[in-house]
């Protein structure tokens, strides 16, 4: 039996993992995705400005450090596992069950599932799956791959316009198609992309994808006007889909442990990350409490708070907070390496 099971491997879950390890707890970390990072993996190239003391840098760099930190105390990690139930068997005895039927036990549970399981909405076009490993994209991992390319973006929201704006600076051309008469993203961003000669095509959708000879890459796209039905075919090097996300948050509605909720979509926190069930804590975007702000920095704070509360639940005579890292014995040897690197 572990001390704590953390459900969700985004920034809050990862920091909870680190802080629980710092507090000498054994940790199990479960995530439904194949990689840790949560929603931060959706926008790896976006620049993050609002983490205190951290210079602005691409999200993927912050994510790399966050994962490294979250794994510092060697938690037991389970990826590609969807949690379907949380059961409180007794005080300091919880069962966490996965879709595959695995049952994990721990003395406390921290829920850090963000807005739930998030997956990009798929393009509803026949044969689309054959191109997903080549030049059809649902997430932009790197802008550099689009240098000097003809790029098509489907979608008219903020994410689509953000991608269009950034990619247009290095691509040969960028075309944005969307079903409505106007984009739904910020008006200021529309002006910016227009100034960069991004071609905006309202009331237009992707009708067909035309592959190359071996059907491994998209070579042409058939575009259709949604009102007239008129079509035309255009050559593109890459196609990006930005149609929003499918969200699944059935864990909280179906779990045996019925938690008090806020607006039916977030766990109600009582002053902090405490929930209505002793021994279960919630951190990050999934929890609502009076001091809540939806920032990565706040997710870190929530994670530490949840870990501290789990510690005192498991061990009532423990200190309410952990010892500051600058004077913590657990980092003594690691600090020597860091000091030598920076001072000598």
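Glycine residues also receive a Cβ, built from the backbone N, Cα and C atoms like all the rest.
Same-site candidate for FAD binding, as annotated by Swiss-Prot with 12, 39, 43, 83, 118, 285, 326, chosen from 3, 31, 50: 31. Per the record's binding annotation for FAD, residues 12, 31, 39, 43, 83, 118, 285, 326 show a top Cα-Cα distance of 36 Å. Within the same chain, residues at least six positions away from residue 83 (FAD binding site) with a Cβ under 8 Å of its Cβ are 7, 30, 32, 96, 97, 98, 99, 251. When each of the binding-site residues 12, 326 is scored by how many other Cβ atoms sit within 10 Å of its Cβ, 326 comes out lowest.
Ranked by Cβ neighbours within 10 A across all protein chains shown, the binding-site residues 31, 39 are led by 31. The secondary structure of residue 326 (FAD binding site), as reduced to three states from DSSP, is helical.
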